[in-house]
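Have a look at the structure below, then the notes.
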């Protein structure tokens with residue numbers, strides 16, 4: 001399922017291939033985000049054309065809208081979004097804790113009110129699997145409890161304990177479903193490590209979660225308000241504790257330099273709204289150097305008036321026929337096409353970054 | 001420049017070819033609208049792929065933003081928008097009368113304040129030509145005075161007189177510029193007929209405007225609030241008075257049945273925001289019959305909950321991989337991609353309609 005192809009001698013960076021029901025994915029990779037079953041402003045085909053190997057979509061949002069009945073009728077998220085790329089869906093845990101109102105945990109049930117209409121809902125480890133089965137995700141994530149940083153040891157411990165209990169429930173339930181359906185059996189399932197920035201709790205979580213033979217392991221509870229320093233420290237002791245022969249997913253990260261630092265610490269999978277969200281605000285990532293060392297990119301704000309008559313192409317890859325002046329104009333006039341072109345640009349930047357990272361590991365340079 | 005290929009025996013409908021600097025266009029045709037140098041949410045390449053032969057853009061909007069300096073530096077609208085399709089630009093007259101504040105006409109100058117920032121500007125017949133020269137339009141329109149219906153005879157007469165004077169100034173100025181530049185010489189220029197719904201004023205305007213050898217003639221001042229009955233009456237006496245060997249452009253029209261009725265009355269060119277604007281509100285045009293007689297289409301509101309689980313494709317041409325359920329979801333979740341898919345659908349409908357109209361004239365059925 002996961003094949004480790006190369007281990008860097010300069011760092012913990014590694015090359016591998018992850019096999020899913022919808023094809024193989026070269027690691028390390030970045031997942032563009034289709035929060036509500038759409039990568040904002042672009043088609044899945046456009047994302048694929050840029051070299052994306054997989055797309056991430058959000059269970060919480062998809063559960064509320066369009067809802068389970070639609071996925072059951074339409075036959076899953078691939079068909080709904082029109083893509084044959086592998087899809088990873090998160091567990092909804094992060095959103096239920098950050099977006100919904102009035103949540104209460106009763107036993108293993110999270111009771112919450114929809115942030116959209118206040119309607120009452122329950123998520124629990126089994127239901128989260130059921131939703132991801134209905135969506136037909138290639139990689140499903142278990143329900144976990146993610147706490148924002150900084151936090152207390154007591155809260156972090158409680159989250160670790162709950163996350164472990166839910167992981168066991170999820171694993172058992174998924175295995176029961178596997179017996180019933182060859183299709184479900186092909187859906188991979190990943191466990192999630194919690195523990196905030198407490199080393200002993202992270203290692204406790206690693207020990208408990210990796211005791212279950214999940215197809216991969218994610219580090220959750222990072223990129224939740226902490227400094228880069230704290231994040232790298234947590235990675236420094238958590239990542240090496242994870243099994244070498246399974247893919248490692250750092251959830252919700254990040255800026256290009258964060259991704260490189262995490263790759264160096266042995267992480268294989270990334271997702272982040274940064275390229276797409278910042279694109280919609282006119283912020284473009286621009287490579288300034290071929291190398292990945294030091295300051296190899298800059299960001300520009302295309303809305304800045306200095307671009308008003310800038311004839312230079314937006315980039316020399318996918319948008320070479322459009323000038324910066326045109327993109328500036330589209331943002332000034334609030335034309336939707338501007339968000340779309342900027343999104344295509346930033347996704348191209350991130351996907352090229354990942355190709356360069358894989359190339360650098362291959363050449364023994366990272 | 002314009003070649004009449006066929007004249008229907010059943011109506012005044014006609015087939016022709018209009019030659020422009022960026023290629024030939026089969027008449028009758030429909031122009032998708034790129035108000036602010038962008039067809040909202042879609043690329044010019046996508047519009048071309050749907051079979052569009054020409055795009056319309058608005059002089060008033062482009063003059064205010066990005067402004068003349070940008071076009072002069074970038075080298076025109078084709079380069080700016082990235083298209084090799086022919087472009088028609090209107091004169092800005094309609095917008096200056098409908099959008100701007102505090103306009104005053106002094107001699108041949110229209111003084112107005114920008115609807116964007118209140119800045120002071122002047123448009124006049126020569127300046128409108130200069131702007132369209134800078135944009136590099138394949139077809140430019142003269143400045144005219146368009147009055148909304150209903151109106152008084154006195155106002156309509158004044159508008160006709162001013163429109164004629166401005167047409168003469170425009171024609172003379174364009175010819176002067178032609179001597180200076182082979183490129184400008186290739187830009188076609190159309191006159192515009194006014195006269196509201198007064199038969200004698202329309203015929204007076206036709207007589208005066210067609211006395212100048214413009215490359216084509218537009219009927220302006222329709223689709224400005226009048227009933228279909230009044231519009232068809234005006235066409236009934238205005239269209240046959242226009243020269244047979246020049247293209248006839250009915251500005252700002254309309255719904256499919258309006259376009260068919262206007263084609264039957266001898267009109268060749270159309271533009272309208274209806275397909276693109278209604279798309280952005282989730283209203284889709286759906287053909288129900290192959291024929292163009294009677295009720296051959298319907299409109300649906302994709303936001304209606306009855307589409308929530310509708311597995312049927314949006315259409316069987318350009319969006320066959322997307323279900324109505326998915327488009328419904330995109331509108332419910334306010335995903336930009338929804339507007340984009342709906343726009344592609346409605347433009348496909350309109351461009352197919354025009355192909356069918358041309359086919360029907362060819363077969364002698366219209």
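Keep in mind that glycine also has a Cβ here, set from the backbone N, Cα and C atoms.
Here is what TrEMBL records for this protein:
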- A:12-366: domain 'tRNA-guanine(15) transglycosylase-like' (DOMAIN)
- A:90: active site, proton acceptor (ACT_SITE)
- A:90, A:91, A:92, A:93, A:94, A:144, A:194, A:221: substrate binding site (BINDING)
- A:271: active site, nucleophile (ACT_SITE)
- A:276-280: region 'RNA binding' (REGION)
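Feature map: annotations from TrEMBL on the structure.
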| residue | record | CB count, 10 Å |
| --- | --- | --- |
| A:90 | active site, proton acceptor | 30 |
| A:91 | substrate binding site | 28 |
| A:92 | substrate binding site | 27 |
| A:93 | substrate binding site | 25 |
| A:94 | substrate binding site | 22 |
| A:144 | substrate binding site | 30 |
| A:194 | substrate binding site | 30 |
| A:221 | substrate binding site | 31 |
| A:271 | active site, nucleophile | 22 |
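For the region 'RNA binding' (A:276-280), the number of residues in each DSSP class (helix H, G, I; strand E, B; coil) is 5 helix, 0 strand, 0 coil.
The maximum pairwise C-alpha distance among A:90, A:91, A:92, A:93, A:94, A:144, A:194, A:221, the residues recorded as binding substrate, is 15 Å. Surrounding the centroid of the Cβ atoms of A:90, A:91, A:92, A:93, A:94, A:144, A:194, A:221, where the record places substrate, the chain contributes additional residues within 8 Å, namely A:97, A:141, A:143, A:145, A:146, A:192, A:220, A:251. For residue A:93 (substrate binding site) paired with the residue listed as 'active site, nucleophile', the C-alpha to C-alpha distance reads 16 Å.
Reduced to three states, the DSSP call for residue A:271 (active site, nucleophile) is strand. Rounded to a whole number, the C-alpha distance linking residue A:271 (active site, nucleophile) with residue A:221 (substrate binding site) is 14 angstrom.
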